[in-house]
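Annotated features, as they stand in Swiss-Prot:
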type	residues	note
DOMAIN	8-104	domain 'Rieske'
BINDING	Cys49, His51, Cys68, His71	[2Fe-2S] cluster binding site
Amino acid sequence: MVNKDVTKVCIGKIEELPEQLGKTVYIEDKELAVFKLSDGSIRAIENRCPHKGGVLAEGIVSGQYVFCPMHDWKISLEDGIVQEPDHGCVKTYETLIEGEHVYLVY
């Protein structure tokens, strides 16, 4: 159950999210990259690579990671941490599936 102090926003239906591909979603002043992984889970992260600002929704997904399309930085979709030898992080967002809809919770 979602706490009354948080916001829950519908970002679409599950079937609208292509598996292993990113989708750009705008919520208020935030630009997010949303991914449906091969296991059916949904992940949402900040849509800019911390290195040079690459659009992560355009990156290649492998397992629990997205690779920045600009310089191939490997970023965890679980915690937003850039994998070594590079370093940095992006903000991650909680997602929630209710029925056929996907929600961003923040």
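We count from 1, first residue shown onward.
Quick reminder: no glycine exception, Cβ is built from N, Cα and C everywhere.
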Spatial neighbours, same chain, of His51 ([2Fe-2S] cluster binding site) - Cβ under 8 Å, 6+ residues apart: Cys68, Met70, His71, Trp73, Val82, Asp86, Gly88
Least buried by Cβ count (within 10 Å) of the binding-site residues Cys49, Cys68, His71: His71
Helix, strand and coil totals (DSSP H, G, I; E, B; other) for the domain 'Rieske' (8-104): 6 helix, 50 strand, 41 coil
Any further residue of that chain within 8 Å (Cβ to the Cβ centroid of Cys49, His51, Cys68, His71) of the recorded [2Fe-2S] cluster site: Pro50, Lys52, Gly53, Gly54, Pro69, Met70, Asp72, Trp73, Asp86
